[in-house]
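Copied from TrEMBL, the annotated features are:
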- 28-332: domain 'Plant heme peroxidase family profile' (DOMAIN)
- CYS38-CYS118: disulfide bond (DISULFID)
- HIS69: active site, proton acceptor (ACT_SITE)
- CYS71-CYS76: disulfide bond (DISULFID)
- CYS124-CYS328: disulfide bond (DISULFID)
- HIS196: heme b binding site (BINDING)
- THR197, ASP249, THR252, ASP257: Ca(2+) 2 binding site (BINDING)
- CYS203-CYS236: disulfide bond (DISULFID)
Amino acid sequence: MEIIRASFILVVFVLNMVRITLSVENEVLYLDYYKETCPLAEEIVSRNVEIAVLKDPRMAASLLRLHFHDCFVMGCDASILLDNHGDIISEKQAGPNLNSVRGFKVIDEIKYVLEEACPLTVSCADILAMAARDAVALRGGPRWKVWLGRRDSMKASLDGANQFIPAPNSSLEILISNFNEQGLDIEDLVALSGGHTLGKARCVSFRQRVYDINMKEKRDKYKRYRTFRRILRSICPDSGRDDAIAPLDFSTPAKFDNHYYINILEGNGLLGSDNVLVTEDHEGEIIKLVWAFAANEELFFSSFAKSIVKMGNINVLTGLEGEIRKNCRFVNP
């Protein structure tokens, strides 16, 4: 009996040590966090994301972008989902988000189903993290394990959204600085930039890249670099048509793959912030990563998964911090 009791105590101790270790490494987030409190949570999110992406394939990129834009402002706390209300000024009005980020209704629908199944249990921040994972997997990308247990912010930061979300015409120096401020390194920058293998951008986001007279173009006998610029100019004139859109990846616009890196090596990145990974890397460290991901899709997938899990850990609220919102658009009354 004493042996059994001692064995039981040892098992509990080991499990607690594992839990403590995971807490330290993952900012007290856990796998299977909702196993007891809402066992169907991940299935509910996955099913609704699948429905949304089937209706609108572009939604996959939108859901991935929501998670990214959320995490870069105060951390992964669903602050991006808050509407204007009372003292809260929504991050949706920030320059990088206005008339640009989408997918809010999809998150609303997921939250509604989860509230029916498990009231005030699953956070909006965790929904964003799971939805991003499922969206990428649905378009042929990697599927990673999502660490859960985030809580929702009770405030938003319009200034933070304007300051910390990388702009489409950012220099490489600014991009590196933006990522470093979030605890992300150069490999994370290059890997997460690969998310631009999906989705579309508005003319206003890439016009400067198209009409920049100082931009150095490579020219070969096929004139393919000038051809790409002509295509973009046909979509986006030097004035007007701000909301005209073009795919971030002209090669395989609806598939999550490594063609983004091939594109920027050929000078065919849509955004200025894509091309600077190659044109402004004077040390060569970033270009080596770009070449590696262009040559090896499996390496890109594993690096992307690792970096997005790391990003999903930025300044998370846990324990008694924040709250679990009933409606993702508003703090609880």
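Including glycine, each Cβ sits where the backbone N, Cα and C put it.
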### Task
For CYS76 (disulfide bond), identify the closest of the recorded positions HIS69, HIS196, THR197, ASP249, ASP257, judging by Cα separation.
HIS69
### Task
Quick one: of CYS38, CYS76, CYS236, which of the disulfide-bonded residues has the smallest count of other CB atoms within 10 A?
CYS38
#### Entry: disulfide-bonded residues: CYS71, CYS328 - member with fewest neighbouring CB atoms within 10 Å
CYS328
### Query
Which are the residues of the chain, THR197, ASP249, THR252, ASP257 excluded, whose CB is within 8 A of where the CB atoms of the Ca(2+) 2 site average out, their centroid?
LEU198, SER251, PRO253, LYS255, PHE256, ASN258, HIS259, TYR260
#### Entry: HIS196 (heme b binding site) and ASP249 (Ca(2+) 2 binding site), Cα-Cα, nearest whole angstrom
7
### Task
Give me the non-local Cβ neighbours of the residue listed as 'heme b binding site': same chain, 6+ apart in sequence, Cβ-Cβ under 8 Å, ordered along the sequence.
LEU248, ASP249, TYR260, GLY269, LEU270, LEU271, ASP274
### Other C-beta atoms that fall within 10 angstroms of the C-beta of THR252 (Ca(2+) 2 binding site)
18
### Listed disulfide-bonded residues CYS118, CYS203, CYS236, CYS328, filtered to Cα within 10 Å of HIS69 (active site, proton acceptor)
none
### Task
Could you state the whole-number distance in Å separating the C-alpha atoms of CYS124 (disulfide bond) and THR197 (Ca(2+) 2 binding site)?
26
### Task
Would you pick out, from the disulfide-bonded residues CYS118, CYS124, CYS203, the residue whose Cβ has the largest number of other Cβ atoms within 10 Å?
CYS124
### Message
At a 10 Å cut-off from the C-beta of the residue listed as 'active site, proton acceptor', count the other C-beta atoms across all protein chains.
### Response
23
### Averaged pLDDT, computed only over the residues in the domain 'Plant heme peroxidase family profile' (28-332)
94
### In the chain carrying THR197 (Ca(2+) 2 binding site), residues 6 or more apart in sequence that have Cβ under 8 angstroms from it
LEU248, ASP249, THR252, LYS255, PHE256, ASP257, ASN258, HIS259, TYR260
### Message
Distance check, please: Cα of CYS236 (disulfide bond) against Cα of CYS328 (disulfide bond), rounded to an integer number of angstrom.
### Response
35
### Shortest C-alpha distance to CYS38 (disulfide bond) - which of the disulfide-bonded residues CYS71, CYS203, CYS328
CYS328
